[in-house]
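Sequence annotations record features per position, and here Swiss-Prot assigns substrate binding site to Lys30, Arg44, Tyr56, Tyr142 based on sequence analysis. What Swiss-Prot lists as Mg(2+) 1 binding site is Asp66, Asp71, Asp103, and the listing cites sequence analysis. Residues annotated as Mg(2+) 2 binding site in Swiss-Prot, with sequence analysis given as evidence: Asp71.
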Amino acid sequence: MNIKEIPIGNNPPEDVNVIIEVPVDSQPVKYEMDKKSGSLFVDRFISTSMVYPGNYGFIPHTLSEDSDPIDVLVCNTRPLIPGCVINVRPIGALIMEDDGGKDEKIIAVPTPKLTQQYIGIHDYTDLTENILKKIEHFFKHYKDLEAGKWAKIEGWRDKNFARELIQQAIERAKAIQ
């Protein structure tokens, strides 16, 4: 896969593409795509017996403050093949800090072109409380048994904040090209 050829999205930051690294409900393995080769590597085995609460990946051509492309959790129930690209709408952000510093997670849903199931979801507050709690619980605890690693939740932000994070990440990536 040539990541350089994958567009950011149809109308960033409102409509973006996400390259999936870890499918929803998969075994506790953290995969990470090598951004130069496009190859998927095993980053680590997650020590807690937890599964990702959504399909997890990143937006191409972005750069977060942690020097990686911006992370995205796609809220849907169907596991996607690692390496595939899905078009999504950002609906919020989970603001976190971990052993590596600031670590925001964009929360998104598939675009209406892919499925009508999320047509009524406009902001993270439209998700059920149970879904939000699962997402928080996962990201708060998935590093618990890894020596020297930790994660702390700072809070939720709305879709406008998420879009601003994405726009900043796009500009940051352009600045280093």
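Each Cβ is built from the backbone N, Cα and C atoms, and glycine gets one as well.
The local packing around Tyr142 (substrate binding site), expressed as other Cβ atoms within 10 Å of its Cβ over all shown chains, amounts to 21. For the binding-site residues given as Asp66, Asp71, Asp103, the lowest number of other CB atoms within 10 Å of the residue's CB is seen at Asp66. Counting Cβ atoms from all protein chains shown, Tyr56 (substrate binding site) has 23 others lying within 10 Å of its own Cβ.
For the substrate site, the Cβ centre of Lys30, Arg44, Tyr56, Tyr142 serves as reference, and the other residues of the chain with Cβ at most 8 Å from it are Val22, Pro28, Val29, Tyr31, Asp43, Ile46, Tyr52. Most buried of the binding-site residues Lys30, Arg44, judged by other Cβ atoms within 10 Å, is Lys30. Cα of Asp103 (Mg(2+) 1 binding site) to Cα of Arg44 (substrate binding site): a span of 18 Å.
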